[in-house]
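Undergrad: One structure, pasted below without further comment.
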């Protein structure tokens with residue numbers, strides 16, 4: 001209980017799903033051979049942390065930010081530029097973290113102080129404008145960021161796939177630097193999610209929820225709402241930048257498409273809403289569903305699209321084309337905002353056998 | 001306090017002209033910076049044309065917010081839809097588009113624009129009923145719903161037209177420039193400016209000279225009061241929403257012709273620009289939106305000429321500067 005900050009999943013079904021996801025992720029290097037499975041698992045870890053940090057903003061304070069990928073991108077680029085410029089050593093990794101995380105927090109502070117004072121709707125619009133400007137800036141400053149091509153870099157010796165730590169003859173598995181990197185990503189993501197769980201269950205988190213429910217009343221009770229919102233914004237930015245660091249370390253690359261584009265922002269929104277806003281656990285489930293769909297639904301759709309075009313149906317081949325998978329997730333997104341705004345987690349909590357969750361209805 | 005006699009007219013509210021002077025001042029300040037008057041004139045004409053197009057697209061968004069407190073993040077979708085619909089008309093009549101006669105060209109252009117407006121307006125009806133009606137009064141859900149709508153609309157456009165960029169050539173008679181002395185002003189920009197001005201004047205006339213406009217303005221100021229007087233503000237709002245969507249469609253056609261290409265991602269790019277304009281102008285204010293659009297276009301054009309690197313973030317800097325001066329935009333209309 002301590003480790004979950006006194007906020008357990010509160011549903012047998014949800015607990016089961018979470019345990020299965022976490023065990024499957026932890027055992028991926030041994031259970032599912034092949035680079036693709038490991039990539040998918042690492043991406044789920046990174047996005048679970050990223051989406052959880054977004055949930056702190058969207059689910060717990062009720063403010064919609066469109067600048068979350070900007071912080072994610074800052075983390076990615078900080079590591080990439082440091083390792084690219086200083087060579088593959090641990091000092092570069094440290095430099096990237098020491099520069100990237102505070103930079104993200106500072107920018108979040110500036111945006112927060114500037115736009116959180118006014119109506120929530122301004123915050124959404126201003127973050128969107130700032131994020132798009134940052135994206136253009138990153139692709140134009142090509143001497144620093146590599147422009148549209150991004151930056152590829154080498155990892156420190158220990159984390160390279162070529163480094164064999166435990167040879168195959170010992171356990172029947174080869175444990176190399178790649179697998180070590182995976183567990184690094186897994187562990188840091190888990191730590192960040194647990195830290196967020198701690199934040200939302202602290203008195204500070206309660207104030208955030210009070211602001212979400214009724215900002216005016218929270219202010220009347222004597223809480224400095226701007227301070228709380230800005231603080232939450234900075235925390236979320238820090239975790240997002242941390243997730244960006246992990247993403248860059250895993251991909252050995254940072255570029256506009258993988259870490260800055262607006263479509264990632266939409267992906268995050270989809271994940272948090274499908275998983276369940278204001279639960280943190282929803283982030284894990286949303287990220288898992290979304291990334292599995294992204295990687296495996298597409299091939300399924302390819303088959304369906306081919307079948308439809310062979311059957312001579314109009315329109316369907318285009319709609320079922322693998323590149324159009326976002327269309328279906330978009331529809332799912334709208335349906336889930338409309339029909340079950342609490343997402344998968346809310347459904348499981350209310351549908352599962354736990355009585356205490358039903359009492360609140 | 002001055003005493004008012006019964007026969008005296010009511011005192012007129014003070015006109016706030018500082019925002020109107022802002023673009024004028026900006027234009028005057030840049031003359032010495034740019035140096036050559038002919039370059040300055042060309043840039044100013046370009047800013048006006050671009051500003052008018054942005055205004056046409058943004059006007060609907062600002063009214064919709066002002067009237068019903070609904071922020072439509074999917075507004076950009078109407079722009080893209082309008083542009084794509086126009087390509088449907090342009091493709092079969094390619095010969096007429098390339099004919100060197102203004103009237104033949106306009107005979108294709110006008111129906112294309114009207115069809116785009118009709119389709120965007122109809123789509124606006126669907127979006128309002130399906131996406132926005134269920135979540136009235138809930139900002140968070142509105143943003144999520146309309147963002148979802150944007151994703152679906154964009155993906156549907158890709159599915160129907162494919163992901164490639166569709167070229168949209170400017171009609172033959174609108175290409176080239178008017179040459180006055182050593183000043184060159186592109187013909188299409190003149191047309192765009194005229195259309196934009198016409199839309200602005202039409203909106204102002206409807207808002208200020210008709211009963212419908214009176215109700216809309218009253219609704220922006222105090223929705224409950226208008227409802228209490230027995231007007232069905234929902235229906236009024238639906239009308240405004242459809243008009244705004246149709247205008248976005250028109251703006252999309254004009255922007256596509258300006259860029260001479262159509263792509264579904266144009267909605268993303270323009271959404272940001274429109275938001276900046278709407279924030280600068282003050283949510284809900286048509287006049288502010290008009291000035292904001294011109295300011296954004298001026299900063300983009302002058303900035304692009306003077307300091308090209310700065311042009312990338314010029315919109316944000318402009319927005320920050322304006323909000324420092326007036327935290328709720330140039331004209332704060334709503335009390336929200």
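Counting begins at 1 with the first residue displayed.
Backbone N, Cα and C define each Cβ position, glycine as well.
Not my notes, these are from TrEMBL:
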TRANSMEM  B:17-34  transmembrane segment
TRANSMEM  B:40-65  transmembrane segment
TRANSMEM  B:77-97  transmembrane segment
TRANSMEM  B:103-131  transmembrane segment
TRANSMEM  B:143-166  transmembrane segment
TRANSMEM  B:186-207  transmembrane segment
TRANSMEM  B:236-258  transmembrane segment
TRANSMEM  B:270-299  transmembrane segment
TRANSMEM  B:306-325  transmembrane segment
Undergrad: Are there 3 or more C-beta pairs under 8 Å linking the transmembrane segment (B:186-207) with the transmembrane segment (B:143-166), counting only pairs at least 6 apart in sequence?
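TA: Counting Cβ pairs under 8 Å, fewer than 3, so no.
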Undergrad: Does the chain bring the transmembrane segment (B:40-65) near the transmembrane segment (B:103-131), so that three or more CB pairs sit under 8 Å (pairs 6 or more apart in sequence)?
TA: no
Undergrad: Below 8 Å between Cβ atoms, which of the listed ranges B:17-34, B:186-207, B:236-258 makes the most pairs with the transmembrane segment (B:103-131)?
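TA: Most Cβ pairs under 8 Å with the transmembrane segment (B:103-131) come from B:236-258.
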Undergrad: So, taking each listed stretch (B:17-34, B:77-97, B:236-258) in turn and counting its Cβ pairs to the transmembrane segment (B:306-325) that are under 8 angstroms, which one gives the highest count?
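TA: Answer, by Cβ pair count: B:17-34.
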Undergrad: What same-chain residues lie close to the transmembrane segment (B:77-97): Cβ under 8 Å, and 6 or more beyond its ends?
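TA: Residues 57, 60, 104-105, 107-108, 111-113, 115-117, 119-120, 123-124, 149-150, 153-154, 157, 160-161, 166, 168-169, 171-172, 245, 248-253, 255-256, 262-264, 266-267, 270 contact the transmembrane segment (B:77-97) from elsewhere in the chain.
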